[in-house]
Amino acid sequence: MTASALAYLEPDSSAELTGVYHLVLDRPEARNAISRSLLQDVLQCLQVLVCKITQPKQDEPLPRVLILRANGPCFCAGADLKERREMSEAEVIEFLQDLRHMLEQVEKLPIPTLAAIDGPALGGGLELALACDFRIAAETVSKIGFPEVKLGIIPGAGGTQRAPRIIGMQRAKELIYTGTQLNATQAKDLGLIDHVAPGSTCLKLCQELAQQMMPSAPLALRAAKMAISMGANVELARGLDLEWACYEPLLESKDRREALDAFQQKRKPIFTGK
């Protein structure tokens, strides 16, 4: 992290959550709006995280779960409209292409991802949350939605595609066509949010969910995520083939052998991600 970074990556401080990392948006004075600089900082954090996963170092914990959160009272207000007003049409197109790429990188992370929503998640901010595996919001959050149609545009970084896949086409149409802003409970009822945490912060609940995943074998978690994600929008027969393609490599893993040995020896397995 540099002094000017608008997003940073850090390990969880709890010993029980070794392997849990936080990707933090840090532009609270601008409601964590996505500027070009913030976008590039997030991309850099994602590159570092992927490197930690694919090229682990012995003196660093292997990333197991990512919590995506933000500093300040707002999760993310979407694109930086002040910056957008100064952009040419070509620059807007380039920005949207970069934003779509960034969200695809979040979605493609091989480890489970949790969006910790403690404040408004609007437009591109909600699109960012939808790219995560789970969305957890504090019960005090009162603004979750897509206001784009009221600004003369549409969600342009995956919102029109991910929202229908998560909440269904009709609900997504109503949400996007009307630009309705939901509170946390309404968003959960709609299926946009998976869990609502009491109070004004959901970080503790995110950490509890992450802790529930910690006993799982890292390679198995990655394979499960890949199988579910790749098979979600294909025919069942193709999905079953994808499931097997994700399952088969685990047969040769050291973690699978460790699990069998631990079961026989009546102890907890010690997984290494190998």
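Cβ coordinates are placed from backbone N, Cα and C, and glycine is handled just like the others.
What Swiss-Prot records for the substrate site is A77, G78, A79, D80, L81, and among G19, G124 the residue it adds there is G124. The two recorded residues, A77 (substrate binding site) and E148 (site 'Important for catalytic activity'), show a Cα separation of 12 Å. Of all the binding-site residues listed here (A77, A79, L81), the one with the fewest other CB atoms within 10 A of its own CB is L81. Long-range contacts of the coiled coil (79-109) within the same chain: residues 30, 33-36, 38-40, 42-43, 46, 49-50, 53, 66, 68, 123-124, 127-128, 131-132, 151, 156-158, 229, each at least 6 residues beyond the stretch ends and with a Cβ under 8 Å from a Cβ of the stretch.
Separation of the C-alpha atoms of G78 (substrate binding site) and E148 (site 'Important for catalytic activity'): 10 Å, rounded to the nearest whole number.
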